[in-house]
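Listed in TrEMBL:
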DOMAIN    7-133  domain 'Cytidyltransferase-like'
BINDING   S10, K42, V74, K88  substrate binding site
BINDING   S10, F11, H18, G89, L90, R91, E99, H123, A124, F125, V126, S127, S128, S129  ATP binding site
SITE      H18  site 'Transition state stabilizer'
Amino acid sequence: MTHTVVVPGSFDPVTLGHLDVIARAAALFDEVVVAVGVNASKRRLFSAEERMDLLRRACADLPSVRVAGFEGLVTGFCAEIGAQAIVKGLRTAQDYEYELPMAHMNTRLTGVTTLFLPTSPEHAFVSSSLVKEVAAFGGDTSAFLPAFVHEALVARLAERSAGGGS
Ligand code: PNS
């Protein structure tokens, strides 16, 4: 039996913390599907296609990892592709408190199990939102992102500020 797990998220954009969790999931399971939430109502810095493209480049050296978009419930996506489990990285106790009710709800909905992987300590404070905030105020975020993601972030923020957008 092939063991397929889903690593869901917004990935706006993918960080080294995400990649740490994805790589460790890839070492444990046959196939990892990185599932990018495509929820049109949420405002993102990068479009769904851009977020998936950055992820594909970032995971290029992990042959058992593929990237897909999903709409609606993550449980529906897991059922559609026959995934046995959802894998989530945990940085802090707050992450656990946020994730636990969702894990229970998802199990209740379709029986899918959520597995929590602790993020490596060096990435425990890294989040896409924090990285975007630091970068927006001119801070150096290159230590937290693959080089091409860092370039894309700096370019997107420059475009936004030149265009007068937020
Ligand atoms: O990186 P994020 O923002 O924490 O990712 C959030 C995401 C996309 C994983 C989450 O919002 C999600 O799973 N959305 C789909 C809707 C859903 O299934 N919600 C959980 C109900 S218990």
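Placed from the backbone N, Cα and C atoms, the Cβ positions cover glycine too.
This view paints the features noted in TrEMBL onto the structure.
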{"residue": "S10", "record": "substrate binding site", "Cβ contacts under 8 Å, 6 or more apart": "V36, G37, K42, R44, R51, S128"}
{"residue": "H18", "record": "ATP binding site", "Cβ contacts under 8 Å, 6 or more apart": "V7, G9, F11, G89, S128"}
{"residue": "V74", "record": "substrate binding site", "Cβ contacts under 8 Å, 6 or more apart": "V6, P8, A35, G37, I86, N106"}
{"residue": "K88", "record": "substrate binding site", "Cβ contacts under 8 Å, 6 or more apart": "V7, P8, V21, E99, A103, T114, L115, F116, L117"}
{"residue": "L90", "record": "ATP binding site", "Cβ contacts under 8 Å, 6 or more apart": "Y96, E99, F116, L117, P118, T119"}
{"residue": "A124", "record": "ATP binding site", "Cβ contacts under 8 Å, 6 or more apart": "G17, R91, T92"}
{"residue": "V126", "record": "ATP binding site", "Cβ contacts under 8 Å, 6 or more apart": "T15, L16, G17, R91, T119, F144"}
### All-chain count of other Cβ atoms within 10 Å of S128 (ATP binding site)
24
### Message
Among S10, K42, A124, V126, please name the binding-site residues whose Cβ is nearer than 6 Å to ligand 1.
### Response
S10
### Query
Three-state secondary structure of S10 (substrate binding site) from DSSP?
coil
## Note on the structure
Looking only at the domain 'Cytidyltransferase-like' (7-133), mean pLDDT returns 96
### Query
So of K42, E99, which of the binding-site residues has the fewest other Cβ atoms within 10 Å around its own Cβ?
K42
### Task
Mind computing the max CA-CA distance among S10, K42, V74, K88, which the record assigns to substrate binding, rounded to whole Å?
21
